[in-house]
Amino acid sequence: MTQEKFINSPYVEQMRKITNGLYTHGWDERNGGNVSYQLLESEIKPYADTGKVLRNESIDFDASEIAGQYYLVTGTGRYFKNVIDNPEGDTGLVQIAKDGHSVDILWGYNDGAQPTSEFPAHLMTHINRQHVDSNQRIVMHCHPTNLIAMSFTVPLDEKTMTRILWKMQAESVVVFPEGLGIIPYMTPGTNQIGEATADKMKEFRLVLWPQHGVFAAGDSMDETFGLIETVEKAALIYTTVQSQGGKFIQEISDADLENLTHRFGIKPNPNFIMGKSLISGK
Ligand code: 13P
Ligand code: ZN
């Protein structure tokens, strides 16, 4: 049986489409953003020879817990607007080497590219989300404008921020019932921001990087992108309310939130479901 080329696989196709979606939404200017997709050997085999290593790149943290796993991941410094036409240059398929301190490149990065500078945050997040749900094989980072803007004007408190976002549209609590995790502002591309993000990912699928962007995890490109779309739409509504004067005279009440969770059979974060009204501040 002849092997289809990996570039024609559904995984590369999904990566091309999603990076284009992130770019056209204005959430990934220049080289902003990165995406990783954990693939199974059985998914890759019809398209690529998993035994053929093109080159090896070191990583300076310990990923031995996921040694042997495969990831299709965007390259560092690569412009998302270009990935759709150049997936073999701007993305790569890697396998975490046995020692956990390097990756074998099996496909892509064909002009010398390397995995994203946020690879520590991606892999550490994958490790922790796999503990929660092994179907969650996508991690996505981008720079959504309104959510970032809120990180300048709203206290960086998970309950406060989550409740505002939940109350901006009925959809929010249904799509992210656990709420939004928040880490302090930290230097991007470091192991430290990776550790802090992954720690929050034990509890949340959405983690805000203040004054920078968001990290999201999910079980498909659509689902993970949808999480970001929903939180960013809520942030856009909040921004619009602020531009209309910022005074709430109506709101989605806590009882309304509870009713939504009953209607959709979901469990909201019990620490966030009751709190201050946006109208009275009490
Ligand atoms: P990379 O180009 O290394 O993926 O970095 C983009 C980014 O958004 C950093 O946070
Ligand atoms: Zn970024």
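Backbone N, Cα and C define each Cβ position, glycine as well.
What TrEMBL says about a protein is an automatic prediction, not a curated fact.
The Zn(2+) site recorded in TrEMBL comprises HIS141, HIS143 together with one of HIS25, HIS101, HIS212, namely HIS212. In this structure, the CA atom of GLU118 (active site) is 13 Å away from the CA atom of HIS143 (Zn(2+) binding site). The C-beta environment of HIS143 (Zn(2+) binding site), restricted to residues of the same chain at least 6 apart in sequence and closer than 8 Å, consists of TRP27, ASP28, GLU29, GLY32, GLY33, HIS212, GLY213, VAL214. For HIS141 (Zn(2+) binding site), applying a Cβ distance below 8 Å and a minimum sequence separation of six or more within one chain yields GLY33, ASN34, VAL35, GLU118, ALA121, HIS122, TRP209, GLY213, VAL214, PHE215, ALA216. A simple way to gauge crowding: the CB of GLU118 (active site) has 26 other CB atoms within 10 angstroms, across all the protein chains here. Other than the site residues HIS141, HIS143, HIS212, same-chain residues with C-beta atoms no more than 8 angstroms from the centre of those residues' C-beta atoms, the Zn(2+) site, are GLY32, GLY33, CYS142, ILE148, PRO188, TRP209, GLY213, VAL214, PHE215.
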